Amino acid sequence: MDNLIKDMRENLNSYSFKVVSDLVKELEVNRDNKAQIKELADLLKEDKRKNVSSLGNRLEKNLNNLIKEEERVKNMYLFDKSFGDYKYVAGVDEVGRGPLAGPIVSAAVILDSSDLDDIILYINDSKKLSEHKREELSEIIKEKALSYSISMCDSKEIDEKGIGYCNNEVFIKACEGLSIKPDLVLSDGYLIKNFNGENKHVIKGDTKSACIACASIIAKVYRDNIMKEYNKKYPQYDFEKNVGYGTKTHVDALKEVGPTEIHRMSFLKNIL
């Protein structure tokens with residue numbers, strides 16, 4: 001990067017717009033090269049050619065977006081630390097409460113919040129992320145988390161015990177499955193009933209808390225992959241796209257073919 005800046009300082013005027021543009025396209029703005037990106041952006045902005053100057057403005061915008069993202073995520077980590085002097089704070093969230101088919105899945109995650117220069121950028125409510133971004137982040141989270149655990153209840157359990165019971169149960173099991181016992185558990189939405197530990201609930205926690213957001217992401221990716229596998233066995237329900245939710249294609253298939261073993265019969269009373 002330093003060599004590129006040196007080269008640009010010496011030869012920018014002799015480079016065509018296309019050459020400069022191609023060089024800029026190859027650059028990835030990240031936490032390790034912010035100072036160099038700023039220097040390069042300033043250099044390009046000073047160029048008398050408007051199209052080259054605009055590349056500098058674009059590079060500066062990308063840098064500012066990164067800085068804003070760092071600040072947003074840092075605040076999520078600080079939120080987790082704001083509850084007191086707890087060493088290990090876990091976040092727990094679920095996915096799959098509303099679908100007509102498939103399990104309800106919960107994940108619990110403990111992050112290392114001691115180094116705010118080593119945070120996981122772009123974490124958020126899993127529903128706000130693209131499928132590709134969720135999958136990418138899920139791997140990063142599992143690699144960097146101090147501990148994580150995933151739990152689920154299948155459709156049979158949901159029919160037998162009710163979705164509310166199963167929602168609470170997967171929260172408990174995910175927390176109990178952690179290799180590190182959390183000093184505090186932050187749960188998305190509501191308190192965990194009959195939980196043997198300290199617990200605080202956070203409304204819309206997956207947008208406020210780093211550990212809840214991470215739990216949301218790995219739970220979503222895990223469940224989506226389960227439903228994609230079911231799609232191979234039951235292709236007519238389009239599980240790969242709807243992951244069990246009641247889309248028109250899914251409901252039409254239910255009416256034409258009937259339910260499968262993974263459908264929640266207690267959810268189908270108003271459909272069949």
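A Cβ is built for glycine as well, from the same backbone N, Cα and C atoms used for every other residue.
Bear in mind that the values here come from a model prediction, so they are computed numbers and not experimental data.
Annotation source Swiss-Prot lists domain 'RNase H type-2' at 87-272, citing sequence analysis. Among the features that Swiss-Prot reports, divalent metal cation binding site is placed at Asp93, Glu94, Asp188, with the record citing sequence analysis.
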Per-region confidence, the domain 'RNase H type-2' (87-272) (mean pLDDT, whole number): 97
For the binding-site residues Asp93, Glu94, Asp188, the one whose C-beta sees the most other C-beta atoms within 10 angstroms: Asp93
